[in-house]
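The annotation Zn(2+) binding site is assigned in TrEMBL to B:Cys212, B:Cys278, B:Cys279. What TrEMBL records for B:3-293 is domain 'Hcy-binding'. Among the features that TrEMBL reports, region 'Disordered' is placed at B:294-337.
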Amino acid sequence: MSEEDDIILSELDDEELVQQMFDDLYDGLKEEIEEGVNILLERKWEPYDILTKALVGGMTIVGADFRDGILFVPEVLLAANAMKGGMAILKPLLVETGAPRVGKMVIGTVKGDIHDIGKNLVGMMMEGAGFEVVDLGINNSVEAYLEAMEAEGPDILGMSALLTTTMPYMKVVIDTLIEQGIRDDYIVLVGGAPLNEEFGKAIGADAYCRDAAVAVETAKEWMGRKHNSAATA
Amino acid sequence: MSNAFTDLLAEKGTLLADGATGTNLFNMGLMSGDAPELWNTDEPQKITKLYRFAVDSGSDLFLTNSFGANASRLKLHDAQARVHELSRVSAELAREVADTAGRKVLVAGSVGPTGEIMEPVGTLTHALAVEMFHETADGLKAGGADIGWLETISAPEEYRAAAEGFALAGLDWCGTMSFDTAGRTMMGLTSEGMVDLVHGLDNTPMAYGANCGTGASDLLRTVLGFAAKGGTLPIISKGNAGIPKYVEGHIHYDGTPELMARYATMARDAGASIIGGCCGTLPEHLVAMREALDSTEKGPAPTLEQIAEEIGPFSSESDGTDGNGPTRAPRRGRRRG
């Protein structure tokens, strides 16, 4: 790149800067995203507006292109990493300013499964959409899920499995929730390469999510329904 | 280079590989979440039975029960110190079954992915990945495997690391990747891209191809992609027996033996010479595939339309090799270096 191609973020007006941040997120440029967030803060943007308009806006494009088979895992991981840089600056400020809460998710791969690439992507994309994510990591037993849900009080439980040998364990977890009479307290989303919609239904999940972008869309949709039913109850 | 694998392939023209490991072990009582590799020492008679399924169904080669026998995955079961042992025993049990088959049957030592993302995007270093693959390959060789068999790989870096691991172990190998995301691997590699990757390696495999993924139709499209790119190495096709469904507490794949038989001949017509199944492929599927391959001659390559019609629809419109794949919207900002 020649020098005249250099972009000085601070010289862009707000609209141009947000557009540039969309592209920088797409290209996974963490330092540039951090710089952009700081500039918007200096310009007295509300932290919540930076999150939703710049970061979530940019990650929505990344998510859509991932869903459509334009971007793949490596690019999405880089984009999510760039977003994390921006979120690290915003997170304390969001708490301070009492920004609205989008929702909370507890997520983990099921017992026996260490394949956490998809789970990590979902976690990152959910954070990219403004959700609070509690990541239980890999190899979770029923007890581990229950304990975390008791402690964290999430809206959503996300389970992931990548192997034929581990996917049935999701049903074990859901059956336990039913036994304990708490199944309907949570939105249960499942995902993983060998799964499909029919499988998700058969084991009693609320939805199967084909990929991380769909997980975000589905989570938002179900959170909306939850709010609606709470309002009418 | 000549070895038991290339000799048998030259003699028979087309080899029937095996079917599922996980699905069959479930049917023998493996519990969800358990490590199948531990059965090599805990339940050896069941592993022998698994191997006999393939041999008795007419397979020319079968994979050992060592898919997850690497340090990264066994750590989960606190068995990371047993990588070499569990790999070796998986091959020893297989050797015994192959040598008493009454015909030439090859033992292919299964090597699955580490489950981690490699540098620069992830944290697993090339050196550590090579070391893990080397360790598994050593064990398989010590147990008498005829050939190493890398499978279900998504990342080019991991495929390269495995090639080095096999070289260090002095074990000839084959290697397949899993094309499960819009016709590409999870990391975005197309079938064409894999042909370039494979043929550019220092330690070239004896054969390359695709396994698992999203159903038999997609897999056949991937094989057509390999053939169109025109590599020189033999092509492997190991597709799932349909799509997984949950029936009465079990995972059931919906592909019938008839469907898998047709898949097998179509895979041969598309250009594959080592053909088998993956998840959901039971002995009855293999028997039907053997029968179909033996009773028909190789025909012209199927078209995508024929595949969709006879085997089922594809999971995505394009697989990224036809120039018709989706592309990103125009940038609004400026790209920078």
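Heads up, the Cβ atoms here are built off N, Cα and C, so glycines get one too.
Projection of TrEMBL feature records onto the structure.
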| residue | record | Cβ within 10 Å |
| --- | --- | --- |
| B:Cys212 | Zn(2+) binding site | 23 |
| B:Cys278 | Zn(2+) binding site | 30 |
| B:Cys279 | Zn(2+) binding site | 27 |
Can you check what DSSP calls B:Cys278 (Zn(2+) binding site), collapsed to helix, strand or coil?
coil
Give the mean pLDDT for the domain 'Hcy-binding' (B:3-293) on the 0 to 100 scale.
95
With DSSP assignments reduced to helix, strand and coil, which class does B:Cys212 (Zn(2+) binding site) get?
strand
I'd like the per-state residue tally for the region 'Disordered' (B:294-337) from DSSP, helix first, then strand, then coil.
9 helix, 0 strand, 35 coil
